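Novice: Here's the feature list from TrEMBL:
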type	residues	note
BINDING	G11, A12, G13, K14, G15, T16, R129, G174	ATP binding site
REGION	31-60	region 'NMP'
BINDING	T32, R37, Q58, L59, I60, G87, F88, P89, R90, Q94, R135, R146	AMP binding site
Amino acid sequence: MKNIVIFGAPGAGKGTQSDKMIEKYGFGHISTGDVLRNEIKNGTALGKTAKGYIDNGQLIPDELMVDILAHVYDSFGSHHKGVIFDGFPRTTPQAEALKKMLHERGHKIAAMIELAVPEEELMARLINRGKESGRSDDNEETIKKRLNVYHTQTAPLIDWYKKEGVHHHVEGLGTVEEIFARIASEIDQLSE
Ligand code: AMP
C-alpha cells in the first residue's frame, strides 16, 4: 500500500497530477478542497461553515478537517492500493493527526511528493484557472491570501516530512507529462 501526500502551493498542479496518478496506479484520492466544495454545492451545514473560510482564503479549523479526512479515508476500506492525499495536511497539527490516524489502522505515509513551482508561475496559473474554474477563491485578492497562508502555515510541513524521512522534491515546471514522469519515477522507487 502506498499512501502518498501530494504537496505544493495552490496552483502547483496537485489536482492535475493526482488525476494522472489515479489513472496509472489505481490509487484512491482524497481532495479536501473537492470535499468541501461538494458540501457547499449540496448546501450542508459543513458547507455553510466552510464557505466563509474558503472565500476568505483561510483554512478551515483543524479539528473539523481531521474528522472529515478520517471519514473519507475509511470509505476506501482497509485494503487498497494506496490513497493520494491532495490538499491535506496543510498544518503541522493536521500532519500529526494524519500520522496518528494511519498508525491506528496499521498504515502509514509512504511518500510526500512536493511539487515545487516558483511564485510568479503560481500566480499566473491561478489567475488563468480563475477564468475557467468558476471557483470563488480564484480571484487575485483571495489568491494572494491563499499563497500567504501556504507560506506561513503549510510550507513548514516540508521540513516536518523531511524529518519523517519521506520527503521527495519534484520540479513542478514543464508540461503535465514531463512533471508526471518525474513523479512516477519517485513512486516507482518506493518499496512496497
Ligand atoms: P484546495 O482546493 O485544496 O485549494 O482548497 C480550497 C480551500 O479549501 C482552501 O483555501 C481552504 O480554505 C479549504 N481547505 C482545503 N483543504 C484544507 C485543509 N486540509 N485544511 C484547511 N482548509 C482546507
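From the backbone N, Cα and C atoms, a Cβ is placed for every residue, glycine too.
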Novice: Quick one: Cα separation, T32 (AMP binding site) versus T16 (ATP binding site), in Å?
Specialist: 15
Novice: Check the binding-site residues G11, I60, R90 for any whose Cβ is under 6 angstroms from an atom of ligand 1, and report them in sequence order.
Specialist: I60, R90
Novice: About how far apart, in whole Å, are the alpha carbons (Cα) of K14 (ATP binding site) and F88 (AMP binding site)?
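Specialist: With distance taken Cα to Cα, F88 (AMP binding site) is 11 Å from K14 (ATP binding site).
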Novice: Just give me the nearest neighbour of R129 (ATP binding site) among the binding-site residues Q58, F88, R135, Cα to Cα.
Specialist: R135
Novice: DSSP says what for the region 'NMP' (31-60): how many helix, strand, coil residues?
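Specialist: Secondary-structure composition of the region 'NMP' (31-60): 21 helix, 1 strand, 8 coil.
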Novice: Among T32, R37, Q58, L59, I60, G87, F88, P89, R90, Q94, R135, R146, the annotated AMP contacts, find the widest CA pair distance and round it to a whole Å.
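Specialist: Pairwise Cα check on T32, R37, Q58, L59, I60, G87, F88, P89, R90, Q94, R135, R146 gives a maximum of 24 Å.
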Novice: Using all protein chains in view, find how many other C-beta atoms are within 10 Å of the C-beta of F88 (AMP binding site).
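Specialist: The answer is 24.
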Novice: Could you tell me the maximum Cα-Cα distance in Å between the residues recorded as binding ATP, namely G11, A12, G13, K14, G15, T16, R129, G174, rounded to a whole number?
Specialist: 17
Novice: Of T16, T32, Q58, which of the binding-site residues has the most Cβ neighbours inside 10 Å?
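Specialist: Most Cβ neighbours within 10 Å: T32.
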Novice: Can you name the residues of this chain that are 6 or more positions from A12 (ATP binding site) yet have a C-beta less than 8 Å from its C-beta?
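Specialist: Looking at Cβ-Cβ distances below 8 Å from A12 (ATP binding site), excluding near sequence neighbours, one finds L115, A116, V117, L122, G172.
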Novice: Taking the Cβ of G11 (ATP binding site) as reference, which residues of that chain separated by at least 6 in sequence fall under 8 Å from it?
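Specialist: Spatial neighbours, sequence-distant, of G11 (ATP binding site): V117, E121, L122, M123, R125, L126, R129, I143.
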Novice: Tell me the Cβ contacts of G13 (ATP binding site) under 8 Å, same chain only and six or more apart in sequence, or just say none.
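Specialist: Counting only residues 6 or more apart in sequence, the Cβ neighbours of G13 (ATP binding site) under 8 Å are L115, V117, R125, G172, V176, I179.
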Novice: Quick one, of the binding-site residues G15, G174, which Cβ has the fewest other Cβ within 10 Å?
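Specialist: Comparing Cβ neighbours within 10 Å for the binding-site residues G15, G174, G174 has the fewest.
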